[in-house]
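Here the structure is laid out as structure tokens; the discussion comes afterwards.
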Amino acid sequence: MSKSLSWNDLNCSIQPWIRIAIDSMGFETMTPVQASTIPMFSGNKDVVVESVTGSGKTVSFVIPILQKLFQDEENNCKLKKGHFFALIISPTRELSSQIQSVINSFLSYLPEDKTTVHSQLLVGTNSASVRDDLNDFFDKRPQILVGTPGRVLDFLKNATVKTSSCAMVVLDEADKLLDVTFEKDIESILNFLPKQRRTGLFSATLSSAGADIFKTGMTNPVRISVKSKMSAPGSLKIHYMTVKPRMKLQLLVSILKDIRYKKCIVYFPTCVSVTYFYSFLKYLGENSLLNDDLHIYSLHGKLQTSSRMTTLANFVDTLSSAVLLTTDVAARGIDIPDVDLVIQFDPPTDPDMFLHRCGRTGRANRNGKAITFLNEGREEDYVHFLRVKNIQLDEIIPDAQPIDGFENRFKKWVLHDRARFDHGIKAYVAFIRYYSKHSASSIFRLASLDYIGLAKLYGLIRLPRMPEITRNIPQDEIPEAGWLIESPINLDEFSYLNKQMELARIQNLDKSKEVSDKRKLKSELKKKNMAWSNKLEAKESKVNRKQKLAAKRKAIEEKISQEGSGEDSATEEDWKELVRKNKRKKTSSAVQGNFADL
Ligand SMILES: Nc1ncnc2c1ncn2[C@@H]1O[C@H](COP(=O)(O)OP(=O)(O)OP(=O)(O)O)[C@@H](O)[C@H]1O
């Protein structure tokens, strides 16, 4: 690594216009990762670069690409139709778009006498298809392509796209691109590219990719690791707060109201929890229960690309304080300089993601604060777990005072619209599923969750029937019929505000009532019939028995009368013998052979 971080001491030459761009962007000195990487990657080396969040990795691959593109200007900048020079892949649309803007910022300093250079974004959107991408590609003839794996692969599959001039490929957030989510697409993309190319892998957590980095076919890569003793930048202060689950939302609201910040990102576990808590916080905002000038945004993977991009742009452009509620979709790479607070409502299932989330603040030597909520109990062990990974968390004791009437207000909000009640249940169930996916499963155990506290956090009025609940809560702790409110409500009368949804609900209710009425009637009839047939059977067997008995009696009497009716003792003995014989034959029956009966 060069000792001086002055751009003048960079260990390789860079084009004068690139230097002008650097100065104009206000990058007074190089960052350590730039000082080490730019000379290597601009030369003939493959690089594997690991450096803390916000340390300027993007510039350390953008400058080498532009530098090499102009090295042999005549050949490279003027590529043949259908060819391109460099490909940059990143895991999300937002990050790809951000990388493209960094490239375009540099390109805006390109003098007019130089060959025009273009970049093209290749990400899945609802408004544009791969065909549109191809049309743009042949029309504008970009030298640099930036995109997400799926769309890039679809693009390269088209035979009209020629890959033989591709001299450089970058995998940004390489550990993510090489994990199971994307590895197949990445492998296929790399198979399309020429073997004689430079490859660069970049991430703040590249060590976790391990031997996977060799799948990229690099030749003798240079490993560049710019890290201090700790895995996070020094400008980033990481804290944790231990809290009872049911108090978490109140705690979030208190922080958003009481702590001073410019921009804050709050990470939630799932898309559905983002949308659920977003609508409640919006409601609080609209009712002046949050700071008046606070703008609230939500961003998650289930939104359409265009709406994701617009939300992010609005969050970036907001001049007053703003909070973005999001998921891990905005955890890696996103660079918004004035984010000075990050809150993790729950820790991520992948421990590497912890650093990426925290790293959205405290970037490029600016001060930043990250706070993680830990559920009281077992989750406190997470602090020790992270310490082993050189991540130091300091405790902040939350103000234990509950907000006056908060739970009632939340409950009222939920009960105002059945859609919110449905939403809360979905968010709760999704959270439990999310929790089961934690890779640090000895700390985040389903068996240790406070299911009732969590149900209250998600505004549930009744516990849903889930095996996790029946398995993990002792029977005597489950409230009667699962109700979490003092006076249970009639769910049949709980309506949707949305007219169409309400109409559909009533129709469904009528249908299911009809079905259940029919079932009831059927089962009553069955019962009735059963009783009738049982009675009939009993009556029949009684009559039968009487008839049989009478017949037998008649038969014996006839026999006796045939054999004479003498009064002597021998005859009497004969009668008795006849009865005894008959008795022996029917020992099983109590009604048969009773001598007194004859
Ligand atoms: N030499 C420099 N001097 C000052 N600021 C810089 C310099 N280089 C880059 N920056 C700024 O640092 C910020 C972070 O850069 P970048 O997004 O490239 O970080 P990163 O290392 O890729 O982070 P992450 O791992 O989170 O993706 C950006 O706002 C960028 O403009």
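From the backbone N, Cα and C atoms, a Cβ is placed for every residue, glycine too.
Per TrEMBL, domain 'DEAD-box RNA helicase Q' is recorded for 7-35. Within the chain, the domain 'DEAD-box RNA helicase Q' (7-35) has long-range Cβ neighbours (under 8 A, six or more residues past its boundaries) at 1, 42-43, 49, 51, 55-57, 59-60, 63, 66-67, 70, 105-106, 108-111, 114, 224, 226, 364.
On the 0 to 100 pLDDT scale, the model's mean across the motif 'Q motif' (7-35) is 94. Residues or ranges marked as motif 'Q motif' in TrEMBL: 7-35.
Look at TrEMBL and you will find 38-224 tagged as domain 'Helicase ATP-binding'.
Annotation comment: TrEMBL describes 248-414 as domain 'Helicase C-terminal'.
The region 'Disordered' annotation in TrEMBL covers 557-598.
Sequence annotations record features per position, and here TrEMBL assigns compositional bias 'Acidic residues' to 565-575.
Secondary structure of the domain 'DEAD-box RNA helicase Q' (7-35) per DSSP (helix as H, G, I; strand as E, B; remaining residues coil): 16 helix, 1 strand, 12 coil.
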